[in-house]
Amino acid sequence: MAAVVKSVALAGRPTTPDRVHEVLGRSMLVDGLDIVLDLTRSGGSYLVDAITGRRYLDMFTFVASSALGMNPPALVDDREFHAELMQAALNKPSNSDVYSVAMARFVETFARVLGDPALPHLFFVEGGALAVENALKAAFDWKSRHNQAHGIDPALGTQVLHLRGAFHGRSGYTLSLTNTKPTITARFPKFDWPRIDAPYMRPGLDEPAMAALEAEALRQARAAFETRPHDIACFVAEPIQGEGGDRHFRPEFFAAMRELCDEFDALLIFDEVQTGCGLTGTAWAYQQLDVAPDIVAFGKKTQVCGVMAGRRVDEVADNVFAVPSRLNSTWGGNLTDMVRARRILEVIEAEGLFERAVQHGKYLRARLDELAADFPAVVLDPRGRGLMCAFSLPTTADRDELIRQLWQRAVIVLPAGADTVRFRPPLTVSTAEIDAAIAAVRSALPVVT
């Protein structure tokens, strides 16, 4: 009989909550929130500090990655799910090579709850940046083969058209697209890919002014295509720029970009890593824009990251989704994450959480509008789609001070862009929790001003 090997604590002091930052600081940069997460006592929209016991109202959800909040009852009370999760966690198979019932159940559920019939191809990987990275690889391969089929040099098709203010990740290709903060990209080698203005909606602009902004961005896009003939593989954009400042675009702009992509034989890619999985009130934000992408990159709330693809991709028969090993990774996503993701998606489906995000998003937006009416010089441009809501302040210093004041009031929100506070509550957030967050903002604003 095999001996049971038990976990043995190393000699020295135990790692208690009050030592977490000390222990981590010996080996890594510790610049996160000043909290030690209590994985047991945290629940729903509240994070509990394991050191102090203080409860923080969570309006950031681990940068929009937690769909149901902490310890959702539908998962905590499901013993069958616990057994499945433990079974998956005991091993980490290479999903790209060896398939399992757990993986098949996840893929089936993903396709049912989040799938787009026009985008039938799925590829899974660990990390949102790698999701975008593989979307780009799919586009590069497609453009090269499309060129070759039309008598054009297949070495062309190496460039990506993208927007100013974009955040698409920190990996190799994506570093050439991300341009929110110099700290993220400075001193790393990057490709000189075409970047155009982002004609996002903002206060004070009427329809003609918005149309003029869009026309200029479209002029820049056309110029990029014309000066790089056959070399732009795709246009990639976030439907709403999150890290860049919760910047919203009119559907007309993306519709025009779809037409340009078709005219110049480039793929349209939406990066829905932050906007996807119901945050905006639909499975994907692009579904509210009446624009059909060829590829969608996803992550965060989906737990497992990856891409959905179809439409023009299938005009090339030997695309990366049909040829073995063109896209691959050892893990092909994490099986433990797949089990958790499947159960989360089942809960989202059963409880109608996309529809709930619409209704509670309207409520949150209305409460932000009230703040703007009461503090018109400070609370600027309240905006949102579903629960993806935000507002701006006059200066970066004002924004940063408000976030500090909210932290002191045990409310966690996120900065974005130069002057924006963004709300990223779980899909399960209640109106009472929204009220509590708004009350904290209301009490903090006089201190900021």
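Glycine is no exception: its Cβ is also placed from the backbone N, Cα and C atoms.
According to Swiss-Prot, the protein carries these features:
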BINDING   G128, A129, Q274  pyridoxal 5'-phosphate binding site
BINDING   R170  L-lysine binding site
BINDING   R170, Q274, R422  2-oxoglutarate binding site
MOD_RES   K300  N6-(pyridoxal phosphate)lysine
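Counting every protein chain shown, the number of other Cβ atoms lying within 10 Å of the Cβ of Q274 (pyridoxal 5'-phosphate binding site) is 28.
If you take the CA of R170 (L-lysine binding site) and look 10 A around it, you hit none of the recorded positions from Q274, K300, R422.
Within the set of recorded positions G128, A129, Q274, K300, the entry lying nearest in space to R422 (2-oxoglutarate binding site) is Q274 (CA atoms). The Cβ of K300 (N6-(pyridoxal phosphate)lysine) has V63, A64, S65, G128, V273, Q274, G276, C277 as same-chain neighbours under 8 Å, each 6 or more residues away in sequence. Taking each Cβ in turn and tallying the other Cβ atoms within 10 Å, the top scorer among the binding-site residues R170, R422 is R422. Candidate binding-site residues: G128, A129. Fewest other C-beta atoms within 10 angstroms, A129. Take the mean position of the Cβ atoms of G128, A129, Q274, the recorded pyridoxal 5'-phosphate site; other residues of that chain with a Cβ within 8 Å of it are G127, A131, V132, F167, H168, G169, D271, V273, A297, G299, K300, C305. In the three-state DSSP scheme, R422 (2-oxoglutarate binding site) falls into the strand class. Q274 (pyridoxal 5'-phosphate binding site) falls outside any helix or strand according to DSSP and counts as coil.
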